[in-house]
Amino acid sequence: MTYRGRFAPSPTGPLHAGSLVSALASFLDARARGGSWIVRIEDVDAPRTVPGAADDILATLAHFGMHSDETPVWQSERGAAYQAAFERLQAAGFIYPCGCTRREIADSLVHAHARHATLAYPGTCRNGLHGKPARAWRLRVPDGDAARISFVDRWQGPQTQDLATDVGDFALKRADGLWAYQLAVVVDDADADITHVVRGADLLDSTARQVYLQQCLGVPTPLYLHVPVVNNGIGEKLSKQTGAAPLDRHAPLDALVEAARHLGIEASADTLDAFYRAATAEWAKRFGR
Ligand code: GLU
């Protein structure tokens with residue numbers, strides 16, 4: 001198999017110590033396998049995209065010695081691919097329009113919760129819109145045993161999620177007309193022939209949805225590896241919202257050594273080349289070549 005991995009930052013702000021860990025892990029995994037590493041700019045969520053952030057991320061990665069092996073993919077240019085996948089799912093009867101507002105879903109969930117049900121979308125519009133206008137489009141998840149999706153994560157071990165009880169039918173096209181992350185990521189990974197996904201463990205919970213969507217579209221499921229997220233001093237995931245500081249582009253080694261340490265790798269070095277050699281060798285010992 002030709003290894004193809006990716007790093008898929010959302011351009012909502014500059015790279016920080018948390019996103020560096022995901023970038024580094026995906027890069028080391030690709031290097032350890034002699035594979036390709038491709039950067040994808042996940043700017044599908046236009047309202048959250050910060051102008052200039054994507055170029056800033058690419059420049060920082062370059063300063064840190066990580067260069068995409070192919071021209072970076074921009075989700076904002078891939079609307080036609082998402083539309084084509086959406087139409088295939090529609091023709092096959094996998095998706096349906098949903099007229100529920102957030103408020104209506106929240107209210108029905110409060111009610112469901114009182115009956116000790118879980119907080120999944122209750123499927124209100126599965127059999128019709130009840131006269132309401134269509135807002136979002138949802139993928140119908142299976143019922144019963146077929147709803148249990150299992151996969152083995154290379155870091156986190158065996159995982160199972162029951163899509164019916166934990167998630168419910170999930171949106172592929174949002175009420176604001178934008179493509180949902182779940183659709184974009186599955187279509188992009190498939191079109192780029194991604195074989196290995198390495199990313200932060202905050203996305204572990206999305207993986208079963210992506211595996212199911214791959215099955216609906218008839219595309220292969222990559223192998224997954226979710227690295228522990230970096231928290232700030234009070235246990236919150238580092239992010240722009242929790243005040244993560246941007247990386248200092250001019251002092252890459254310290255930040256890289258720290259990111260490697262978070263991954264359980266000791267790779268102190270004087271140059272970027274020596275760092276990547278040492279870190280790749282350590283990664284290969286743990287996760288194979
Ligand atoms: N764009 C997502 C993020 O920055 C990552 C998506 C993925 O790796 O699948 O959190």
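Residue numbering: from 1, along the chain as shown.
Including glycine, each Cβ sits where the backbone N, Cα and C put it.
Owing to the predicted nature of the structure, the values given are computational and were not obtained by experimental measurement.
Note on Phe7 (L-glutamate binding site): other Cβ atoms within 10 Å of its Cβ, all shown chains, come to 24. In this structure, Phe7 (L-glutamate binding site) is part of a beta strand by DSSP. Annotation comment: TrEMBL describes Arg6, Phe7, Ala8, Pro9, Ser10, Glu42, Tyr181, Arg199 as L-glutamate binding site.
Cys125 (Zn(2+) binding site) falls outside any helix or strand according to DSSP and counts as coil. The Zn(2+) binding site annotation in TrEMBL covers Cys98, Cys100, Tyr121, Cys125.
Cβ neighbours of Lys240 (ATP binding site) (same chain, under 8 Å, six or more residues apart in sequence): Thr12, Gly13, His16. Among the features that TrEMBL reports, ATP binding site is placed at Lys240.
When pLDDT is averaged over the domain 'Glutamyl/glutaminyl-tRNA synthetase class Ib catalytic' (4-244), the result is 93. For 4-244, the entry in TrEMBL reads domain 'Glutamyl/glutaminyl-tRNA synthetase class Ib catalytic'.
Summarising the annotation, TrEMBL assigns motif ''HIGH' region' to 9-19. Away from its own ends, the motif ''HIGH' region' (9-19) comes close to residues 39, 41-43, 45, 48-50, 53-54, 56-57, 60-61, 200, 229-230, 237-240, 244-247, 255, 258-259 of its chain (Cβ-Cβ under 8 Å, at least six residues beyond either end).
Marked as motif ''KMSKS' region' by TrEMBL: 237-241. Sequence-distant neighbours of the motif ''KMSKS' region' (237-241) (same chain, 6+ residues past either end, Cβ-Cβ under 8 Å): 12-13, 16-18, 200, 202, 229-231.
Note on the motif ''KMSKS' region' (237-241): DSSP counts are 0 helix, 1 strand, 4 coil. A strand conformation is recorded for Cys98 (Zn(2+) binding site) in the three-state DSSP classification. Nearest by CA distance to Pro9 (L-glutamate binding site), out of the binding-site residues Cys100, Tyr121, Cys125, is Tyr121.
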